[in-house]
Amino acid sequence: MALLAIHSWRWAAAAVAFEKHKHSAVLTRALVSMCGSGPRWSSSQRGASGSARLSQTTESLRNTTQQRWGKDNSRQLLDATKALQTWPLIEKRTCWHGHAGGGLHTDPKEGLKDVDTRKIIKAMLSYVWPEDRPDLRARVAISLGFLGGAKAMNIVVPFMFKYAVDSLNQMSGNMLNLSDAPNTVATMATAVLIGYGVSRAGAAFFNEVRNAVFGKVAQNSIRRIAKNVFLHLHNLDLGFHLSRQTGALSKAIDRGTRGISFVLSALVFNLLPIVFEMMLVSSVLYYKCGAQFALVTLGTLGAYTAFTVAVTRWRTRFRIEMNKADNDAGNAAIDSLLNYETVKYFNNEKYEAQRYDGFLKTYETASLKSTSTLAMLNFGQNAIFSVGLTAIMVLASQGIVAGALTVGDLVMVNGLLFQLSLPLNFLGTVYRETRQALIDMNTLFTLLKVDTRIKDKVMAPPLQITPQTATVAFDNVHFEYIEGQKVLNGVSFEVPAGKKVAIVGGSGSGKSTIVRLLFRFYEPQKGSIYLAGQNLQDVSLESLRRAVGVVPQDAVLFHNTIYYNLLYGNINASPEEVYAVAKLAGLHDAILRMPHGYDTQVGERGLKLSGGEKQRVAIARAILKNPPVILYDEATSSLDSITEETILGAMRDVVKHRTSIFIAHRLSTVVDADEIIVLSQGKVAERGTHYGLLANSSSIYSEMWHTQSNRVQNQDSLGWDAKKESLSKEEERKKLQEEIVNSVKGCGNCSC
């Protein structure tokens, strides 16, 4: 045993230069297994640095080794542990999977430049007054006309009330004759009271008609903006989406569109009309009652507005905190529910609930601050308005005593101010919500201003390609996701039209990156990629992506029926074509066994289907797309061996006359490839056919092949050993049974 350990450690020391991070893990596992129990760390030691823990590990290994094997036999182990100390415990990644090395932004506009509020309003008004929609502009003009009529009727109402009070106050028989219906109607007081009612009804009528006419303008604007944002997000490059949480983006779009609706209503029907009505009331009071009334009114309104604006600005930060907490809570809930099975596997329901409750508590705290400060705002507004109204009433009373004003004038002044109080009470809410809506719209319009790094050249021609000309060529391609960490370092190869080429290599060697570059999710920093002899950067993205089909490693399906997900490969395909590709992918019979057949809902992200079924759906819809070039990114990774062989046979027929590139981990799936390209450290290390590469026993491919083959053989051997053990136990049981039977027979006494 000691000799075996010594040879193992000599081999490990000789392999220091080859993938250090892998061998460090191997050495650590070997040390722990040989030394009995591994090192135990206290809770404080777990938080220590990697180097500190490694030092503790090696010291523990020295002590344990000396105790168990003695100093002479542990020399090689000590040499190996010294080598371990010189290796970094955690190395920087040079590969890239998703957003490795960086967290997702929960704020959708994090790292983006804000858009000026004036530009937001200008952009929004361009949707309200579109040059290509004269019908919508006509609706806006009609709405403004009804708005003016409603405000005019509002001003008339207090005047009608004044004349009615003055008429009744004179108590003249000619002015008020209630002896019969005609005389009652004919009296001035009654006519004025009827006019009062008509004015109020007219104001309400104009307001409601205005809302009905303008409704189409507002909803059309919201729809167009939301559609443009949605389309723009789809046009952004993959790097943007990998750095943003989908839940946060969804909430940003939702809040932004709701904000547009509110701002449109607030600007057109609240803020501007309030200003207009304030000026109109002040002018009427100046003309009818004098400058003092106008000054008190303007002073009250000015103080009211200034107080509202100041307090609302201060309160806005609480709303921002609420939004952030709402975003975090929403993201946590979505993330947890999407990982429902993982939560169950680790019994972490309470942990997830506590985590979610933490975000809700933050939201609750900010919400309480917002509610309490709102009470302060409302009280301050009422106090200012009450002081102004009292001052106006005192002035009116003095005017009545002096004979300059009538009782009707006092009622008119009171009515005018109270009419202003309604929109003024709403002013605080309108201003607060408008500011919040502008914040939400800022996020929305900031997203619209984001420029994609992957775009067409001006007047880029479509890709000219046929299955006979679909050659793929990489020419000295250099690429890195993070500056200074090269993923591809001068990769060059060519895939002839109609040929099947496999790309293999270790994890992080750049296999999947080739798929992303060929689909133009990213651009290489150096070098060129050609398809059908045309540089990818010179042709339109739409034509390029129509010509390339991709079967991803992780197939994600839409929350819809199986038929919908299959049809997504070509939305114009007939049902017969959909059924044909399902049969080709070995999926048709499995679908027919489902309760609803092709109308079966697959669940969110396809969670109701098994991994193999999802993979077959992805393969089927890629076949339905019928592109000249197909990329398989470990497309059979989720399949069992029997299904894998069935699908591989089907795929051989599919790719027979088209260019195909297989990104493979299991080498057995690409044995029949016309050429196999082996990537190592971002470069093409080897290339050739399966048997040609195996002929070189020292090649990377040969080593990978034998490693995988030995693993399969070991699994088979373990299965055979278990079977033999089971058989030997059965034979032993039978032998024991025979001995018991024979002993009974030899005794001759049945009582035995």
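Using the three backbone atoms N, Cα and C, a Cβ is placed for every residue, glycine included.
Among the candidates K20, K82, K216, K500, the residue that Swiss-Prot annotates as N6-acetyllysine is K216.
Both A164 and A404 are recorded by Swiss-Prot within identically named topological domains, on the same side of the membrane. Swiss-Prot gives the label N6-acetyllysine to one of K324, K350, K656, namely K350. According to Swiss-Prot, of the candidate residues K92, K251, K486, the site noted as N6-acetyllysine is K251. In Swiss-Prot, the ATP site is described by G505, G506, S507, G508, S509, G510, K511, S512, T513, I514, V515, R516, and among Y481, Y530 the residue recorded at this site is Y481. With a threshold of 8 Å between CB atoms, the same-chain residues lying at least 6 positions outside the topological domain 'Mitochondrial intermembrane' (281-290) that come near it are 155, 297-298, 301, 395-396, 399, 405, 409, 412-413, 416-417, 419-420. Residues of the topological domain 'Mitochondrial intermembrane' (281-290) grouped by DSSP class, helix first, strand second and coil last, total 8 helix, 0 strand, 2 coil. Below 8 angstroms of C-beta separation, residues 161-166, 169, 288-289, 396 of the same chain, each at least six residues beyond the ends of the topological domain 'Mitochondrial intermembrane' (404-409), sit close to that stretch. Within the topological domain 'Mitochondrial intermembrane' (404-409), the DSSP-based counts of helix, strand and coil residues read 3 helix, 0 strand, 3 coil. When Cα-Cα distances from G508 (ATP binding site) are compared across the recorded positions R315, R319, Y340, F379, the shortest belongs to Y340.
Ranking the recorded positions R317, S336, Q381 by Cα distance from Y481 (ATP binding site) puts S336 first. Among the binding-site residues R319, Q381, I514, none has a Cα sitting within 10 Å of the Cα of S336 (phosphoserine). In this structure, G506 (ATP binding site) belongs to neither helix nor strand by DSSP; it is coil.
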